[in-house]
Structures are given as C-alpha cells and as structure tokens.
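Chemist: If you scroll down you'll find the structure; I have some questions about it.
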Amino acid sequence: MTIRSPEPEVKIVVEKDPVKTSFEKWAKPGHFSRTLAKGPSTTTWIWNLHADAHDFDSHTNDLEEVSRKVFSAHFGQLAIIFIWLSGMYFHGARFSNYEAWLGDPTHIKPSAQVVWPIVGQEILNGDVGGGFQGIQITSGFFQIWRASGITSELQLYSTAIGGLIFAALMLFAGWFHYHKAAPKLVWFQDVESMLNHHLAGLLGLGSLAWAGHQVHVSLPINELLDAGIDPKEIPLPHEFILNRDLLAQLFPSFAKGLTPFFTLNWSEYSDFLTFRGGLNPVTGGLWLTDTAHHHLAIAVVFLVAGHMYRTNWGIGHSIKEILEAHKGPFTGEGHKGLYEILTTSWHAQLALNLAMLGSLTIIVAHHMYSMPPYPYLAIDYSTQLSLFTHHMWIGGFTIVGAAAHAAIFMVRDYDPTSQYNNLLDRVLRHRDAIISHLNWACIFLGFHSFGLYIHNDTMSALGRPEDMFSDTAIQLQPIFAQWVQNTHVLAPNLTAPNATASTSLTWGGGDLVAVGGKVALLPISLGTADFLVHHIHAFTIHVTVLILLKGVLFARSSRLIPDKANLGFRFPCDGPGRGGTCQVSAWDHVFLGLFWMYNAISVVIFHFSWKMQSDVWGSLSNQGVVTHITGGNFAQSSITINGWLRDFLWAQAAQVIQSYGSSLSAYGLLFLGAHFVWAFSLMFLFSGRGYWQELIESIVWAHNKLKVAPAIQPRALSIVQGRAVGVAHYLLGGIATTWAFFLARIIAVG
C-alpha cells in the first residue's frame with residue numbers, strides 16, 4: 001500500500017458579496033461614524049469629517065474590513081493616476097508643440113498649455129520658438145515621449161484614451177474587490193505569495209516588457225531621429241515589431257534571430273544591448289542601448305527573485321523563518337515577533353515602505369541630473385531644476401510620513417506583551433541613550449557647521465579674506481568625496497573594461513558633453529564651499545531625524561506622561577491640571593518634523609540650483625570656451641551667509657520680481673500670493689484657541705442681535721486642527737514661493 005501526502009487543497013480566499021452597494025449610504029456624509037452620521041451641530045463637524053474619513057481604524061476594529069478598505073482605496077488611487085496621466089498625454093496631443101520640438105529640440109522649448117485670451121491673459125503665452133505661443137512646461141514629458149519612440153500627436157491621443165480605459169478598469173476593480181469578491185484576511189497576510197507575484201510580475205515582467213518595448217520600438221526610432229530623419233518618414237512602431245529586416249538594417253544582429261541566444265553567443269547582441277557608460281553626444285542623454293540592457297538585466301534579477309519564496313509547493317524561503325533566525329550575539333531575540341507585526345499592522349508595513357520609497361525618490365532626484373536618462377533632458381535646464389526639486393520634496397514628505405505611520409503603529413498596534421527582548425523592544429528600552437546621543441550630534445553639527453559660516457561672515461566684514469575658509473585661503477577640501485569621485489573616474493579602465501566612459505560625467509575625467517552649444521554635463525569639482533553646505537545638510541537631516549525618531553520612540557510613554565498610549569496618536573495636552581504637557585503627542589512630533597524637513601530640503605534645492613548655474617549649466621562657444629550662467633561664483637560667494645542672501649536669493653530673485661508685463665508674470669503673481677499664503681499660516685501657528693473662541697462669540701452675539709444667527713454653532717478650531725491648518729499653509733506657501741522663484745529665474749536665463 002502506498003501512502004500519499006495529501007494533495008494541497010486550493011484555499012478559497014475571497015468572500016462573495018460581503019458589502020451591499022448602497023448609493024443612499026454614500027450620499028450621507030459621515031456614514032462611517034455614528035457621531036458624524038448625526039450631522040453637524042457645530043462647525044467642528046466638518047473638520048472631524050475630513051480627519052476621520054480615511055482613518056479606517058476609527059471606523060472598525062476588524063482587521064479584515066480595514067484591509068479591504070485599504071485595498072479598494074488603492075484601486076481608486078490608481079484610477080486617479082491614470083486619469084492624470086491621460087490628461088498629460090491629451091495635452092501633449094491637443095495643445096502642444098511636440099512635433100515641432102521633436103524636429104528641433106535644441107532651439108524649440110516644450111509647451112503643452114495655451115492660455116485663453118481673457119482680459120489680457122494671452123500675455124502668459126510666451127514665444128517658445130517655431131512660431132508657437134504657449135506656456136513653457138518643465139515636467140520632462142516631451143523627453144520621455146521621445147525616449148519611448150512617440151513620433152506623432154496621434155500616438156499621444158491613443159495613449160491618452162488607453163489611460164482613460166485603464167482608469168475605468170481600476171475604478172471597477174476597486175468596487176468589485178470590496179462589494180462583489182472581497183479577499184479574506186489570510187490573502188492579505190500571505191506574504192510569500194505576495195512577494196513572488198510583485199517581484200516576478202510587477203518588477204520582473206514589467207521591466208521585461210519595457211525592455212522589449214525599448215529594443216523593438218524605442219531604439220530603432222531614436223536611432224533614426226538621432227540621424228536627423230524627419231519623424232514623418234520614420235516607420236510606425238508596429239512595422240519594426242512585425243518586420244525584422246527593418247530592425248536588422250539598424251542593428252545587424254537582428255538578422256540572426258534567436259540563434260545567438262540559444263547557442264549562448266550572447267555577445268552577438270552587443271549592438272543593441274551595450275555597456276558604454278557616459279552620454280550620447282547627439283542628445284546629451286544616457287545611451288538608450290545601455291538603458292535597454294539595464295532593464296533586461298533588472299528583469300532577469302526580479303524574475304529570479306520572484307521564485308524564491310515558499311508557497312503551495314513547499315520549496316523556497318519563509319519570511320517568518322528568515323526573520324526568526326536573524327539573531328546576533330548581542331541582539332537578544334533578534335527579529336522574533338516582527339513577522340507578526342508586519343502581517344497585522346498595516347501602519348508598520350506602510351512606515352517601512354514610505355521610508356524606503358522616500359529614500360529612493362531622493363536617489364532618483366540625484367540621478368536625474370547626473371545620469372540624464374532621456375534625450376535632450378540635460379540641456380533643458382528648467383526641467384532639470386524642476387525634476388530635482390520635485391523629487392526632493394516628494395522624498396522629504398514621504399520620509400516624514402514614514403515616521404507618522406511608525407508612531408501610529410506604536411500607539412494603535414504595538415503589543416508589548418508579544419515583543420520581549422527582540423530588537424524593537426531593545427531599541428525602545430535604550431531610547432534615552434539613542435535620543436540623547438542624537439541630540440548631542442545635532443548640537444555639535446549645528447554649532448560647527450553654522451559656526452564656519454559665521455566665521456567667514458565676520459572675517460569678510462573685517463576685510464580679512466586671507467583668514468576665511470575658502471579654496472583660496474584656509475582650505476577645507478572634501479577629500480573623501482573627491483576620493484569617491486576619483487575611484488569612479490578610474491572604474492572604466494579597471495572594473496568595467498568594456499565601458500568607454502564612467503557612469504556619470506560628473507565624477508570627473510575631463511569629458512564635456514554639449515548639445516547645440518549648451519552644456520549637457522561636465523565634471524563637477526567639489527571644494528570648500530561644498531564642504532560647508534554639506535555640513536548644513538548633515539545638521540538639518542539629523543535634526544529632522546531627531547524630532548521624528550523621538551516621536552516614534554516616545555509615542556506610547558515617557559517620563560512626563562507614562563500613560564501616553566491611552567491618550568492616542570494626537571492630543572493637545574494631558575488634561576487640565578497637568579501643566580507643561582502640551583505638544584507631546586506623536587502627532588505633534590510629525591508636525592514639528594515637517595518644519596525641519598522643509599528646512600532640510602530647502603537648503604538642498606538652493607545648493608543644487610546655485611551650484612549647477614555656477615559650475616555646470618552654460619554655453620559652449622565655437623572656440624570651446626564654456627561660459628556658465630552665474631560665472632562660477634558659487635565657490636567664493638556661498639561660503640558666507642551674506643553671500644547666500646546677496647548673490648543667490650536676492651540676485652536670482654530679479655527675474656521673478658521683474659516678471660510683470662512678460663510671459664513670466666504668472667510667476668510674479670504666484671511669488672506674491674504664495675508669500676501671502678505662507679504669512680497666513682503664521683496666524684494659525686502663533687495664536688491660541690481661546691483668542692479665536694472669544695472673537696467668534698462676540699461675532700455670534702452681533703448675528704443674534706440682527707436675528708441672523710446660524711443653526712450650526714461656530715466653534716474655533718481645536719489646537720490640533722489649528723496646527724494642521726498652519727503647517728499645511730506654511731509648506732504650501734513656502735514651496736510655491738520657491739517654485740515661482742526657481743522657474744522665473746531659470747526660464748529667463750536657461
């Protein structure tokens with residue numbers, strides 16, 4: 001008799017028709033909360049409605065129901081993204097000069113928005129070249145369309161329609177997977193299956209599909225565009241896909257088909273899968289054959305990774321086992337218990353994902369200029385500045401969000417009884433040592449980095465330039481950064497013998513790429529000025545981390561308030577009769593962290609903007625002489641606070657301040673308006689709730705006198721609401737001011 005192991009049964013992981021689709025319910029504001037569903041009696045109701053609408057934890061304690069709501073909301077988010085993308089492509093098709101730009105990208109600027117002539121607003125349509133009047137755009141869409149092989153506005157229309165179809169699909173999926181077939185909790189907690197599918201499906205097959213598109217569509221079309229062929233003469237994408245001979249004319253190895261692949265002569269394919277390094281001198285972008293090779297390699301890596309985790313077949317890794325085996329000699333129980341946290345707390349999961357995504361976004365910001373991936377991106381200075389700034393802000397916000405959700409996890413989901421002597425418990429137990437050391441590091445960095453500037457300002461004021469820290473007096477060279485640069489310059493000869501240039505021209509080595517007389521990229525030398533400002537970066541980043549980490553580590557308890565966990569994530573003070581306990585909630589740490597994040601990112605984007613204008617961006621004469629936009633003044637001017645104020649903020653604000661009467665005038669108005677929004681925030685941040693309540697009561701008295709009193713009783717914002725409104729306007733005003741300042745400047749001079 002043979003004993004067979006039981007066949008693994010297919011688990012039913014969805015529930016049919018769990019929640020009725022009800023339009024009556026949707027039409028009732030606050031239907032998710034018994035208190036809010038009663039309707040407003042005071043004006044606080046509308047604030048609570050906004051605060052709690054997406055706080056699914058407050059609607060129900062059922063983890064499965066919360067998971068389904070989050071899952072469904074993700075489809076809604078994707079639908080919005082597809083609609084937004086579709087709108088971008090539609091603007092490119094309907095209102096843009098894309099085809100003209102494609103024919104002459106060095107002289108014509110990208111525009112995809114034309115302002116209607118209402119009361120003189122046609123002034124906003126500037127001349128972007130080729131007889132086209134419109135607003136110059138700085139999003140980089142034209143460059144990415146060129147790289148993907150889009151040659152006509154019809155193709156943009158088609159893609160826009162495709163985007164809308166996908167948006168509709170996503171909206172349907174969001175409804176279907178909540179109301180018709182909702183996954184059970186076990187499905188959300190099946191991490192191995194999720195890893196396999198996300199790694200192999202999204203990243204693996206996604207990269208493979210993109211690599212395929214690049215090889216069969218982008219490469220041939222870009223090859224012909226680079227050779228100066230008129231876009232209208234170039235075959236359509238499907239012709240390259242269906243007709244191999246067309247491709248073989250450009251890349252001879254296509255004639256051999258798949259033979260080299262199966263005979264392992266992969267080097268035959270090196271005409272379209274290259275490893276060159278550096279930039280294409282025609283477009284100033286990375287070699288598209290390099291990026292196709294890159295995406296193919298990424299696809300292979302992730303397809304392998306997507307087969308590593310144990311599911312129905314009993315082979316492969318188990319995440320729980322990996323975590324529990326992860327112990328060191330000094331780390332107690334190690335990662336034991338973390339698996340349970342990450343499968344039952346979506347806040348913990350989100351915190352990790354936000355921290356990693358934010359860091360990745362900041363890495364993207366730095367690679368977009370140093371390794372410009374799309375054709376003609378590097379000579380479009382306005383777009384370069386916009387993309388860097390955008391990715392830095394996004395990364396900053398995302399990292400603060402990581403701390404916010406880590407703190408929410410600590411307050412709502414952390415169970416101290418199941419976390420004994422593992423790494424999380426050990427970190428929490430020596431949090432005082434961590435925070436006090438970090439605080440010391442912040443004080444040290446703050447005094448020393450700022451002190452170097454103050455020294456320079458003082459010596460400058462006393463007329464003693466020889467006693468300043470500068471490249472021409474007392475040098476503080478960033479020797480470690482220079483060493484890193486140098487090793488990368490040597491890499492092509494040593495570690496990558498087939499590469500013709502290093503990964504980025506910024507490392508050094510003397511190569512300069514200019515396109516149409518404009519510098520695309522050249523070696524960036526670092527000196528005393530960079531050393532000084534990098535220590536300001538270190539200071540602001542450490543203070544941001546100090547505030548956020550303190551908020552997380554002290555979210556549940558502190559010496560001041562031992563029972564903080566009972567008060568929740570956000571609360572104004574620990575009740576009456578306990579003075580000095582205000583602004584200690586985890587939420588308040590996020591609130592304060594946002595201001596320091598704003599400080600940190602502001603210094604970074606100011607540094608980038610000035611450094612690039614001074615040392616990289618500019619024009620190349622026929623004699624080979626480079627003239628930079630601000631003539632290399634960064635090294636000597638940015639070493640004093642006064643230099644930053646005078647030669648960066650004031651000197652470069654000339655364009656936005658004098659923009660009236662030109663096509664940049666909208667930026668002048670934005671600059672003023674955003675300053676106003678920023679100042680408006682101070683009214684919320686510097687004023688107490690009682691002041692407003694008193695004012696409101698006297699205004700209500702006047703309304704009563706006139707018998708026009710409202711049915712909904714007006715109330716001053718709560719302390720937390722006031723701070724939330726304050727920080728929102730502070731950041732919006734500050735970011736929009738910077739945006740207007742940057743764009744008016746760089747569009748005028750770039």
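A Cβ is built for glycine as well, from the same backbone N, Cα and C atoms used for every other residue.
Per Swiss-Prot, the feature transmembrane segment maps to 70-93, 156-179, 195-219, 291-309, 346-369, 385-411, 433-455, 531-549, 589-610, 664-686, 724-744. Annotation comment: Swiss-Prot describes CYS573, CYS582 as [4Fe-4S] cluster binding site. Annotation source Swiss-Prot lists chlorophyll a' binding site at HIS675, citing sequence analysis. If you look up Swiss-Prot, you'll see MET683, TYR691 marked as chlorophyll a binding site. Here Swiss-Prot flags TRP692 as phylloquinone binding site, drawing on sequence analysis.
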Chemist: Give residue numbers and ranges for long-range contacts of the transmembrane segment (433-455): same chain, 6 or more residues beyond its ends, CB-CB under 8 A.
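Modeler: Those are 427, 468-469, 476, 532, 535-536, 538-539, 542-543, 545-546, 549-550, 553-554, 639-641, in sequence order.
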Chemist: How many Å lie between the Cα of CYS582 ([4Fe-4S] cluster binding site) and the Cα of TYR691 (chlorophyll a binding site)?
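Modeler: Computed Cα spacing between CYS582 ([4Fe-4S] cluster binding site) and TYR691 (chlorophyll a binding site) is 17 Å.
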Chemist: In the same chain, who gets a Cβ under 8 Å from the transmembrane segment (385-411) while lying at least 6 residues past its ends?
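Modeler: The answer is 138-140, 341, 345, 347-348, 350-355, 357-362, 364-366, 368-369, 544, 548-549, 551-552, 555-556, 565, 568-569, 586-587, 589-590, 593-594, 597-598, 600-601, 604-605, 608-609, 612, 735, 738-739, 742-743, 746, 750.
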Chemist: Any contact between the transmembrane segment (291-309) and the transmembrane segment (346-369)? By contact I mean 3+ C-beta pairs closer than 8 Å, pairs at least 6 apart along the chain.
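Modeler: Checked: the transmembrane segment (291-309) vs the transmembrane segment (346-369), no contact.
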Chemist: Considering Cα atoms only, can you say which of CYS573, HIS675, TRP692 is the nearest neighbour of MET683 (chlorophyll a binding site) among these binding-site residues?
Modeler: TRP692
Chemist: Which one, from the binding-site residues CYS573, MET683, has the smallest tally of other C-beta atoms lying within 10 Å of its C-beta?
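Modeler: Result for the binding-site residues CYS573, MET683: minimum number of other Cβ atoms within 10 Å at MET683.
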Chemist: Given a 10 Å Cβ-Cβ cut-off, pick out the one of the binding-site residues TYR691, TRP692 that has the most other Cβ atoms nearby.
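Modeler: Within the set of binding-site residues, the most crowded position is TRP692.
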Chemist: Quick check: in three-state DSSP terms, what is CYS582 ([4Fe-4S] cluster binding site)?
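Modeler: For CYS582 ([4Fe-4S] cluster binding site) - judged by DSSP and reduced to three states - the answer is coil.
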Chemist: What Cα-Cα separation, expressed in whole Å, is found between HIS675 (chlorophyll a' binding site) and the residue listed as 'phylloquinone binding site'?
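Modeler: Between the Cα atoms of HIS675 (chlorophyll a' binding site) and the residue listed as 'phylloquinone binding site', the distance comes to 23 Å.
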Chemist: Could you give the Cα-Cα distance between the residue listed as 'phylloquinone binding site' and CYS573 ([4Fe-4S] cluster binding site), in whole Å?
Modeler: 19
Chemist: Please indicate, using numbers and ranges, the residues of the same chain that are 6 or more beyond the transmembrane segment (195-219) and have a C-beta under 8 Å from a C-beta there.
Modeler: 147-149, 237, 240-241, 247, 250-251, 272-273, 288-289, 291-292, 295-296, 298-299, 301-303, 305-309, 311, 319
Chemist: Per DSSP, MET683 (chlorophyll a binding site) is which: helix, strand or coil?
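Modeler: Where MET683 (chlorophyll a binding site) sits, the three-state DSSP reduction gives helix.
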Chemist: Whole-number Å only: compute the distance from the Cα of TYR691 (chlorophyll a binding site) to the Cα of CYS573 ([4Fe-4S] cluster binding site).
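Modeler: TYR691 (chlorophyll a binding site) to CYS573 ([4Fe-4S] cluster binding site), Cα-Cα distance: 18 Å.
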